[in-house]
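As structure tokens, the structure follows; a few thoughts come after it.
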Amino acid sequence: MTSSVSTMHNNQDQQTTQLDFITLGIESSCDETGIGLYHSELGLIGHELFSSVKIHAEYGGVVPELASRDHIQRVLPLIKAVLADVKFTLQDLSGIAYTAGPGLAGALLVGCAVAKSLAWSLDIPSLAVHHMEGHLLTPLLEESQPEFPFVALLVSGGHTMLIDVKAIGQYKILGESLDDAVGEAFDKTAKILGLGYPGGPALAMLAEQGNYGAFKFPCPMVGRPGLDFSFSGLKTFVRNTFAKYPSKKEDIAKAFEVATTQTLMIKCRRALEQTKYATLVVAGGVSANLSLRKKLNQMGQKLDVNVFYPRQEFCTDNGAMIALVGYFRLSHGQHDTHHEINIKPRWSLEELSQIE
């Protein structure tokens, strides 16, 4: 379990008033149970996270049933821990936000059921939050924040997309992966090379030992117009190369990372040129990759573009981002209109409403 309370905003002696709006956020879309607490005046005041990655590691990937069972065990103790850290109670809450999708249906149901039950018992509103909107807006938790409009690159195990972000809730998808998400490609490539799960961090560490230029892998779809991605062919290229050169794991990992990060950088540059925006936001689990950050920062310097990321601990799934989005929307009057369980394992960002 990891626990963190924002020292910049936190004041444990702070007493709630009628003007305070305190949002509890619950994240349970996959294999991590995250709880966040966002205060209208103090910002993020606490968050807790438990990852069940060790449970799934022996299976080489996330087992949905095991993930759901673990969420059931963790969610209430984590909520209690977050509230206890800041000396608040359930009665201090103004609203509860939960991840309703996209994600694993069983895992989503756990967070949804807990959020709706608590909200009903406390007579406060609940709100369904889009998981990827949470990632997209996570940099707004930092002191240095992006201003709208901006281009967003969302890169995770389940998604790779470029988005035109004009305002909160006003999203247009410019391009997305036609097959494997980049995070999935990292995990599958790691598996081909015999690395452990989760594969992304293990592959990045192995790539640090590789020789640049020992192999040159293609950058998929950069030779054609548009902003869509495709990484399944690159994965096949890795498999064929590894079959010929099984002793060159480090160099293969390096070539794969170079090709993927170069592809992402090229597509980001196109999106920025197309929109004429001067700000890029990068979020999702793969945004933690240091090679990707280096490439995008270099691109930003050349194009005079400001590039923003979440802090490392908020690149992966977390409850803080759900509490943040929940605060934005709940404080503007948006909320669930009924207490029925409602999840959306498949849910497009373009379906979301703008905050008025």
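The backbone N, Cα and C atoms fix where each Cβ goes, and this holds for glycine too.
Quick look at what Swiss-Prot lists:
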BINDING   His131, His135, Asp317  Fe cation binding site
BINDING   Leu154, Val155, Ser156, Gly157, Gly158, Asp187, Gly200, Asn289  substrate binding site
Sequence gap of 6 or more, C-beta under 8 Å: which same-chain residues meet both conditions with respect to Ser156 (substrate binding site)?
His135, Ala181, Gly183, Gly284, Gly285, Val286
Integer Cα-Cα distance in angstrom, Asp187 (substrate binding site) to Asp317 (Fe cation binding site):
16
If you draw a 10 Å sphere around the Cβ of Gly200 (substrate binding site), how many other Cβ atoms fall inside it, taking every protein chain shown into account?
25
Under a three-state reading of DSSP, tell me whether Val155 (substrate binding site) is helix, strand or coil.
strand
Identify, among the binding-site residues Asp187, Asp317, the residue whose Cβ has the fewest other Cβ atoms within 10 Å in this structure.
Asp187
Where Asp317 (Fe cation binding site) falls in three-state DSSP terms:
coil
Counting only other Cβ atoms and using a 10 Å cut-off, which of the binding-site residues Gly157, Gly158 scores lowest?
Gly158
Taking the center of the Cβ atoms of His131, His135, Asp317 at the recorded Fe cation site, which other residues in this chain have a Cβ no more than 8 Å from that point?
Glu27, Ser29, Thr99, Met132, Gly134, Ser156, Gly284, Asn318, Met321, Ile322
Given Val155 (substrate binding site) and Asp317 (Fe cation binding site), what distance in Å do their CA atoms have, once rounded to a whole number?
12
Per DSSP, three-state class assigned to Asn289 (substrate binding site):
coil
